[in-house]
Amino acid sequence: MESKSTYLAKLLQSCIASKALSSGKVLHARILRVGLFSDTFLSNNLVQLYSSCGDIVSAHQVFAKMPQRNIFSWNAILAAYCKNRNLQDACCLFLEMPERNTISLNTMISTMLRAGYERQALETYDLIMLQGCGRKNHGVAIKLGLDGNIYVVNALLSMYAKCGLSGDVIRVFDDIDEPNEVTFTTMMGGLAQMNQVKEALEMFRLMLQKGVHVDSVSLSSILGVCAKGGFDEKDIGLCNQSHGKQVHTLSIKLGLEGDIHLSNSKLDIYSKIGDMDSAEKVFANVSRHSVVSWNVMIAGYGNKCNSEKAVEYLQRMQCCGYEPDDVTYINMLAACVKSGDVKTGRDIFDSMPCPSLSSWNAILSAYSQNADHEEALKMFRKMQFQYQLPDRTTLAVFLSSSAELGLLEAGKQVHAASQKFGFYEDEYVSSGLINVYSKCGKMECSKNGCQVHAQIIKDGYEDDIFVGSSLIEMYCKCGNVDQARYFFDIMPSKNTVTWNEMIHGYAQNGYGDEAVSLYKDMITSGEKPDDITFVAVLTGCSHSALIDEGVEIFNSIQQRFGVVPKSDHYTCIIDCLGRAGRFQEVEVILDTMPCKDDPVVWEVVLSSCRIHTNLSLAKRAAEELFRLDPLNSASYVLLANISFPIWRLLFQLMCTSGGSGSSKLALQAASCPINSNVHLWQLQKMKHTNFQVHVYDEVFVALGLFGLESMQEGTTNVVSAWE
């Protein structure tokens, strides 16, 4: 009679074959109820079930809770990530695997090829060949009696480590009678390469305990392990920073501080942990630098978003006679991008004799991330003129900028090119195309987005969270909220971005009740809201007059979720209360909020005052606006729209907006009443700057719209106020 475990396994296999997710969940519940979850074979089948049905979240949860895993467990979850086109997570998981076999390697190769990463796929294939040849060579060594030769053993350790076969690595090491410094160095590097950082550090301790000679190569290797991180204080009693400093001290005691490779390793760990002061000291004490030394310092300051220091090191590098290489330029461009210093980044790029594709992508990303989309497109055209072929990253950046500028035709051209060259299978390009079509905001243009959607389904990307979120955004921006919600509901897994897109879609289309309801569903599902979530749902409350709901959600931001409200959140709740005329509550928020110097907040207040003709609060908002952003003529026009009596205030503010030492516009009140309610105000232009002429012109354009302006040579007479 077959066991209960075998019986349940057969039922699970049947569900996997028919993709019967509901029945599989029933079996999952039964497995938990009868206490068989610790059965690795059943858990592996559960991972396969959820993977085959596209529920990657549940597959990961089962895998994470497994008390014991084997190679089949790792292969099952790896296949789940690969099937879901989640290449980044698949690669991370692949590196974390304690052991890999042919199935693992073949899974990664096929996924990489489908995603267009041919070079990485070829490298993985080389690992398979290395593994096969290595095992044969190992067998030959045993037959010849060379398995005890330390040089042969060290080569075998290196081979098995490169293949990720940690079990073989440990077995070979345990059979060594007297490991030498090369053996330990190979073990430390190999274990770190397989992300077994804790074990690599323990290997260094064992090396010291056995009294094995420590050289500069060993110390460089262990510093590389420290820089890799991946452990904490409770694991080994030391964090990577303090451990790295101890290795640094040991190198000084051993008289190895002059070794260039060891010095570069010290620079690397200090720059990666952000301790640039220590890195500076190491760099200053090195008698002879290499290009690697300069590159590490540039990268370190880039990670600290300090482009000025990065440029300083580049200049010093060139003054010392070192020629920058591709890594130097990439590090410099990355430093400028992270610092928002696009101008310096462009100067660096222009100085490159022959920019690589990575360099082009870096400068394009710099312009796109800093919202200079027109310049990004110019650089893309320049790239074409120089016969530099784009890759997926290039097209994704181009599509992002095209979407922001509303260049639908450019997006269509890239769409056609992506199909011609096979780039449409990349999830980032597909998402970029969807974004372009959604920006047009027209239902007829969404047909192109639907075509992309159909292609996504054909290529098997419909379960990808990144692509799915873009599809929801497209349908919402085109007004097709029902289609967006349908796609949202059938997505097998969702993240915060997915929820945010759907909530924001409801809000921007005037479905505030649905936005609030979906927000509550998000909380119930266990997904934690972020800053964008709160902005989206508060916007929905504001546009749909859900005042009490908005106040409740705003109060929960910090009280319930521990998130400090930002300027955007204050702007939303003030808009919500202001639209309802609840100015007493608005003033309480204005008095207590930390972001009093944000002009957008006061513009919202002024807009609400216009709706309800609240002159006293309008005066306060106007004064703050002219203090914070006196060059913004929109504030003057907005103030003018509130009520005719406010013109007196407007002109008074104009007279004082120039500040001390600046020329002003003088307002002279003529004592010549037209009637008991209307007075004639005469505004005479005195000395002025370009700024005041600009404000002056804008104001009188607004007056002209009201038919209140009459021009005479030298003066402007304005019938101003109904008092």
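If you go along the chain as it appears here, the first residue is 1 and each next one adds 1.
Every residue, even glycine, has its Cβ placed from backbone N, Cα and C.
As recorded in TrEMBL, the features of this protein are as follows:
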REPEAT    70-104  repeat 'PPR'
REPEAT    180-214  repeat 'PPR'
REPEAT    290-324  repeat 'PPR'
REPEAT    356-390  repeat 'PPR'
REPEAT    464-494  repeat 'PPR'
REPEAT    495-529  repeat 'PPR'
Checklist line | Helix, strand and coil totals (DSSP H, G, I; E, B; other) for the repeat 'PPR' (180-214) | finding: 26 helix, 0 strand, 9 coil
Note to self: At a C-beta cut-off of under 8 Å, are there same-chain residues at least 6 beyond the repeat 'PPR' (495-529) that contact it? List them, or none.
What the structure shows: 465-466, 468-469, 472-473, 475-477, 479, 481, 484-485, 488, 536-537, 539-546, 549, 553, 561, 563
Notebook entry, point to check: Within the repeat 'PPR' (495-529), how many residues are helix, strand or coil going by DSSP?
Noted result: 27 helix, 0 strand, 8 coil
Note to self: DSSP-wise, what's the residue breakdown of the repeat 'PPR' (290-324) into helix, strand and coil?
What the structure shows: 26 helix, 0 strand, 9 coil
Next item on the list: Summarise the model confidence on the repeat 'PPR' (180-214) as a single mean pLDDT, whole number.
Entry: 80
Margin query: When secondary structure is assigned with DSSP, how many helix, strand and coil residues does the repeat 'PPR' (356-390) contain?
Written below: 26 helix, 0 strand, 9 coil
